[in-house]
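These notes concern the structure reproduced below.
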Amino acid sequence: MGKYFGTDGVRGVANSELTPELAFRLGRMGGYVLTRHVGEHPRVLVARDTRISGEMLESALIAGLVSVGIEVMRLGVISTPGVAYLTKAQGASASVMISASHNPVDDNGIKFFGSDGFKLSDDQEEEIEQLLDTAEDTLPRPSGEGLGTVSDYFEGKQKYIQYLKQTIENDFNGYHIALDCANGATSGLATHLFADLDAEISSMGASPNGLNINDGVGSTHPEALAAFVLDKKADVGLAFDGDGDRVIAIDEIGQIVDGDKIMFICAKYLREQGLLNSNTIVSTVMSNLGFYKGLRELEIEDVQTAVGDRYVVEAMREGNYNLGGEQSGHIIFLDHNTTGDGLLSGIQLINVMKATGKKLSELASEMKTFPQKLENIRVSDKNHVTDNPKVSKVISEVEAEMAGNGRVLVRPSGTEPLVRVMVEAATKEETDEYCERISAVVRSEMALND
């Protein structure tokens, strides 16, 4: 990770770390790097989620883009994968999404996509960072007709919805689907999509006010949707995050179906249809041991990457694989989109339910999970967790006690000032004890003082 760019663009507290001034410079520098070879007036799409800071940052970013001669098309509020799809569909030179995904409302972020709809390479991000750190801005400053322009393309949302519908062979007539839109970017999109697919819909977390994004709702709070599914007697629930690139499902009896299980269900179905490229799925080190055991039983190969959907996508492109993702709900169907897409993943999952005639609880039960616990600890310097001797010592002690019947993963978050402690073991009691033992040392050594 660089000085500005993390694993998912530039993020920080809006108007404090991610300021309008920085957004303006990102517009100039990022726009220049991505469009300088295009010719006159390249086109760049700009979108945002529902955060109160979104319009402020959007205005500054667009000013920067226009100042280097770029034609900006505003999409308004739309999901990150919607932007990625429309970039390629509209023949744009690049696009920018203003969002901090599942982070709290105080945060915001800016991420770029190239003309192919994929996130930027490390080299491209490094070039933008070098320009940001240059003392004097020497980029072109056109005037008159050389300046860029701004127009609206709000109908892009409907084009994206129509595309999603074409990726499945079934409608959802007869299904009652509960939706939790995290008061974020899918709030209008999801209900429109599932209504078009003839489903009965109950929705929550679909009334954004600029301040309530991810607030007790969405994919990071699936327990809220679980209760809602039971209350509404729905067949399935789908919880998205703030920018719509993740989904966590809930089955008809209120059980959480995470990204591992969604990938497992879809991989099995695609394999049966002869559509799983190289009979392989790409996942990260966070996936449950039970996920890999289940894949082996199905004779499906797996490729494992570092945490972060960008690394999953890189491995998928390198190996020409078409399914991959993360336990957190970032799932990539590379035949259909270039990034994690909550809406796409949700309709693919329900399409499997309809095609097989099985309830989600039946499909999910085919993968047995190891007990797993994840603790997120807010720290002063997350990157020092890897070289802290006391943390290393307690990890080694726990791993020795496990004797191969479990695993430990302690790592810095790529998007927040957190250390994540993940433990899997043979029993829930062991998992809880090991996780708390390691977490206590991390807190003692590194945690911020409240």
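Going from the start of the chain as shown, residues are counted 1 onward.
Glycine residues also receive a Cβ, built from the backbone N, Cα and C atoms like all the rest.
The structure displayed is predicted, hence computed values, not measured ones.
Swiss-Prot names Asp241, Asp243, Asp245 for binding Mg(2+). Of Ser95, Ser101, Ser380, Ser392, the residue it gives for the same site is Ser101. Packing around Asp245 (Mg(2+) binding site) is summarised by its Cβ count: 34 other Cβ atoms lie within 10 angstroms of its Cβ, all protein chains included.
Annotated pair Asp241 (Mg(2+) binding site) and Ser101 (active site, phosphoserine intermediate), C-alpha to C-alpha distance, rounded: 6 Å. Counting in whole angstrom, Ser101 (active site, phosphoserine intermediate) lies 5 from Asp243 (Mg(2+) binding site) by their C-alpha atoms.
Each of Asp49, Ser79, Thr80, Ser99, His102, Gly184, Ala185, Phe240, Gly242, Gly244, Arg246, Gly340, Gly342 belongs to the same chain as Ser101, Asp241, Asp243, Asp245, is absent from that list, and has a C-beta within 8 angstroms of the C-beta centroid marking the Mg(2+) site.
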